[in-house]
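This report refers to the structure that appears directly beneath it.
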Amino acid sequence: MSDTEDTKDKEFPILPLITLRGLIITPNANVQIVAARPKSIAGFEAALASDSKDIAIFCQTRDDDEEPDVSQLFTTGILCKVLTGSKRDQDTYKCLIRGTKRIRLVEVIDDENYSYRLAKYEVLDEIMPKEDEIPSLLEALKSALSFAMSNQENCVKPLTDENASVDLVNALNKEKNLVVLADMLSQILVIEPAEKRALLTTLDVKKRVYLLISLLNNYSYYSELMRKVSMDAKESMERNQKEYFLNEQLKAIKKELNADSSDESDISEYRSRLKALNLQPDVAKRIEKEIKKLSAMSPNASESSIVRNYIETLLSIPWNVKSEVNKDIATARDTLDADHYGLGKVKDRILEYLAVQSRSDKLHGPILCLMGPPGIGKTSLGASIAKATGRKYARVALGGLHDEAEIRGHRRTYIGSLPGRIISNMIKCGVNNPLFLLDEIDKVSSSAHGDPEAALLEVLDPEQNKAFNDNYVEIEYDLSNVMFIATANSYNISQPLLDRMEIIDLSSYTEEEKLNIATQHLLPKQMRLNTLDDKEFELTHEAIVELIRHYTYEAGVRGLERLINELCRKTVKDILLKKKKSAADEGKSESKRKSRIKKRVVDVKKLHELLGPRRYDFTSKLKENHVGLVNGLAWTSLGGDILQIEAVANEGSGKHILTGKLGDVMKESISAAITLVRSLSGELNLDKSFYEKCDLHVHVPEGATPKEGPSAGIGMVTAIVSALTGNNVRSDVAMTGEITLRGDVLAIGGLKEKLLAALRGGIKTVLIPKDNEKDLWDIPKNVKEGLTIIPVGNIKEVLPRALEENPFEFEPTTVFNINNKKDTVDINKETQGSAATPIVGA
């Protein structure tokens, strides 16, 4: 039968229940209790009025529970007898109780018929030692008690008379019952509640005695330790008195020698600052050593200034100074929203990170690294996080850094040596918990002067930066309170360093996001900086869209901000010139002069007048379908664009001509595409030996721009199939995806930027790899609604959607037809001047 079934069948006694906060009672101990809770008072009165005087007492697991249930009580309690009881006043009840037996709590009963709570309990049986073991256990326990009392008299605390410790111990030494002695000693021994609870729950008397002996021996060890500490303190005081006497003599000698009093004043100031800082012993000892060295030097010694600068640096480092950190993530969210538009995923991740930090005094988790193209707000986002959390902000520019000493500092043996950038910025911030922005961490490079990335490994590793060692300081410094955020433009970072950071990708802004950023942030900011108000300057919505589309080509908004600034500057210049001309006109009132200065409204037409013709023009879809001309999609750090791919098939001897400044990966992608088309020649109704009779030319405009990457694979296959069969490519379809020799379409990067380019170029349908379907959740809603996005897994899904006719059911109109019909036409003659005409490069 299981324990649960056995419990259900048993009949358990029921008594009034008292729950105690903190106080633990053991059997054979008399304890005085003052009750204040109404149900506890009622329970004591009911027990005192009963014949047995018994009451069940259990301890709460938490002190703040008023009416704890079974789960909030320790299951082992004590059965007590109420000896006396009386009300002290209206709200409290004082009683004397005696513990009798250990019991186990079975159930807590709340009955409306009783003004107190009831407990259903079970008496626990103790496990007694063998008869022949009891005398030796009794003697060992008494011996341990006597030894502890001889070293530490206050190791026991009587429950009634505070001054009766010795008498109580004498009474315990006369006790001959091992169980009674152990329980009494458990009650009066000054130990932690957890240790006392362990004694209560230990039913094996032998184990209970061993536990008591162990606790008593701890007092002896503690007493010996305190005695040693007292002796060390006495020796330290004698040493300090000796140093004071010698220092006074040294002052007198220096006075007779007319030593520099200002130098002595500086040394005194250093010692005062050192004392006020309350530093760790090893740091204080090192600084005191340097102060002594300085005091023994001549002020004119060459090393004097070096030692003085070193002491100043050590005293300026914030060893123990912390700033108060704002832990309200709602305020942090408002700050981030006020400073940056969009970036919802990034803000959520940062708020999650801050939420965890707000519940812990120590930072946990990886270092955040904001990864993305230039101009999208990575650096300003770091500053906003510092502002949101109330931390001091320090930006460490790592671009072009190639000397390890810039991070770790220079050794003091070098002339003009200084601490590294980490310690220098800690001194600048004045606190040991600032936010450090490690800007452009991907631009760090190694040289003959060392590898800065190796130094950054120690800085960014939570397990190592607790003891960061600067070459100049030469004392371990704790960086674990610092919040580190790194920024980077690319993954050009060493793997060990990359492994220590959690990458948060910041992709390019959409046109809608740029429009909102310009309207809500950039325009008000530039008008404020250029002292313009709404009555003097207005930039229309259409003009901002024109700026974004045709005057900037970037992932971020830096160029857009510069153009808005330029418009504001031109407006201020014209206003001042008009004011000067107006003031020169005599005989006109002030109101008339002001009326001549009109508000400048910059629309699209005015924009062209101020900034000149359009600077950029994005690639848009073709108006008509063509043979061998495919809309591919490309992605760079500046954003996405439509990449047109041209293919022409001529009768020849099997040459492959590749132009357009293509990279090695793209050339290999074309080779894979040709091999795939050869394997599909039968299904495409092509002559299987077409590759021996065909000169294939693949070109990717613009010819002067380098191009690289495998993501144009399916575009290459489509262009080649179209050129070989004469089947037109749909001009409203764009595609991206890497191709394999089996025709499978593999995942690509930069999906968001490519879809933005397709939407901007007027494309209706976009074919993407099926493996990238999971990335669509991160694409803005307006982009997904403006496009028909079709995930494809194989080239056989691509070709029917990209070409006018299903190529697997289409009869080729070229000379490469498998039937080699005489009425086929030369596709190059038909398309001369259209698809076969190269696009002029930049």
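Any Cβ shown, glycine's included, is placed from N, Cα and C.
Its Cβ placed at the centre, Ser711 (active site) has 28 other Cβ atoms within 10 Å. Taken from TrEMBL, the feature active site applies to Ser711 (among others).
TrEMBL lists Lys754 (among others) with the feature active site. The secondary structure of Lys754 (active site), as reduced to three states from DSSP, is helical. Taking Cβ-Cβ distances under 8 Å and a sequence separation of 6 or more, the neighbours of Lys754 (active site) in its chain are Leu633, Ala634, Trp635, Gly640, Thr736, Ile748, Val766.
Per TrEMBL, ATP binding site is recorded for Gly372, Pro373, Pro374, Gly375, Ile376, Gly377, Lys378, Thr379. Over all protein chains present, the Cβ of Gly375 (ATP binding site) has 20 other Cβ atoms lying within 10 Å.
Summarising the annotation, TrEMBL assigns domain 'Lon N-terminal' to 15-220.
As annotated by TrEMBL, domain 'Lon proteolytic' applies to 624-805.
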How many Å separate the Cα atoms of Thr379 (ATP binding site) and Ser711 (active site)?
31
Please list, in sequence order, every residue of the chain apart from Gly372, Pro373, Pro374, Gly375, Ile376, Gly377, Lys378, Thr379 whose Cβ lies within 8 Å of the Cβ centroid of the ATP site.
Leu370, Thr487, Asn489, Leu506, Ala555, Gly556
Out of Pro374, Gly377, which has the highest number of nearby Cβ atoms, where nearby means within 10 Å of its Cβ, if these are the binding-site residues?
Gly377
Rounded to an integer, what is the Cα-Cα distance in Å between Gly372 (ATP binding site) and Ser711 (active site)?
20
Among Gly372, Pro373, the most crowded of the binding-site residues [Cβ within 10 Å]:
Gly372
May I ask which of the binding-site residues Pro373, Pro374, Ile376, Gly377, Lys378 is closest to Ser711 (active site) if we compare their C-alpha atoms?
Pro373
Tell me, if you would, which residue among Ile376, Lys378, Thr379 (binding-site residues) has the fewest other CB atoms within 10 Å in the structure shown?
Thr379
